[in-house]
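Everything on this sheet refers to the single structure shown next.
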Amino acid sequence: MSALRALLGLGLLAAGSRLRRVPGRAGACPAGSAWWEARRPHSGGGGEPAGMASPAVKYLSQEEAQAVDEELFNEYQFSVDQLMELAGLSCATAIAKAYPPTSMSRSPPAVLVICGPGNNGGDGLVCARHLKLFGYQPTIYYPKRPNKPLFTALVTQCQKMDIPFLGEMPPEPMLIDELYELVVDAIFGFSFKGDVREPFRTILSVLDGLTVPIASIDIPSGWDVEKGNSGGIQPDLLISLTAPKKSATQFTGRYHYLGGRFVPPALEKKYQLNLPPYPDTECVYRLQ
């Protein structure tokens, strides 16, 4: 409880927010099998066994991922908020399959969702809202909020669902390990370029010291979109959106899901994505 008192003493919660102490959950995970590996049984959390993903599933470069997005918006007239809602729901669904509430040590399981300033952060806000509906207790840290109606609305939706927002990031990994059972990395997406600046440099440094598992949305934050990890965070769960990116070939965590079941068949054919068949009405597909 000393760590919790220290955290509360720092005034890390925004007004009206509450945090619960949740014992740490070991997050050191063995390297997962290759994404094209055949179906295999799986025990404990993680939902259904991994499917048989075709070896031809395409891993996109940054340029290809941007081109697909542009066509979705321009040619197919999808709106940003529409795709964000579908992506965020996919992320929450993948998390619920990898870490079912019944497999966690506390009820409801406490989850910290860290959101960046762009669309990846918006996906995280939507994900947090659905996690609340799925039986988790999310808390959001959103240090750089865009002054745009879409993101303001997403924040309001979360607040109306009694999802607390932190005023500051817990400064030590052990505090996060004590308070949460899972951290969702919704900081940077595939369009990120350049050096990581504050406050996100410090945030990623803290995340790198966690023992609780990290679930990264689309790209593990701090990774090069094509080359992969350069000594940054090591997520336990990766949720690729639309199609996997080239950096995902360097992913060694336990769970890799594909989400975002919204790609029109003609667009999939044009870019030769060769996406795997989603089962029944599922919005996610387990690649690993």
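From the backbone N, Cα and C atoms, a Cβ is placed for every residue, glycine too.
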Candidate sharing the K(+) site with Asn120, Ser221 (per Swiss-Prot), from Asp81, Asp162, Asp177, Asp185: Asp185
Per Swiss-Prot, Asn119, Asn120, Gly121, Gly122, Asp123, Gly189, Phe190, Ser191, Phe192, Lys193, Gly194, Asp195 bind (6S)-NADPHX; matching candidate in Asp208, Asp218: Asp218
Cβ packing number for Ser221 (K(+) binding site), 10 Å threshold: 25
Candidates Asn119, Asp123, Lys144, Phe192, Gly194 (recorded positions) - the one closest to Ser221 (K(+) binding site) by CA: Phe192
Local Cβ density at Phe190 ((6S)-NADPHX binding site) - other Cβ atoms counted within 10 Å: 26
Of Lys144, Phe190, Gly194, i.e. the recorded positions, those within 10 Å of Asn120 (K(+) binding site) when Cα atoms are compared: Phe190
Rounded to the nearest Å - Cα separation of Gly194 ((6S)-NADPHX binding site) and Lys144 (N6-succinyllysine): 17
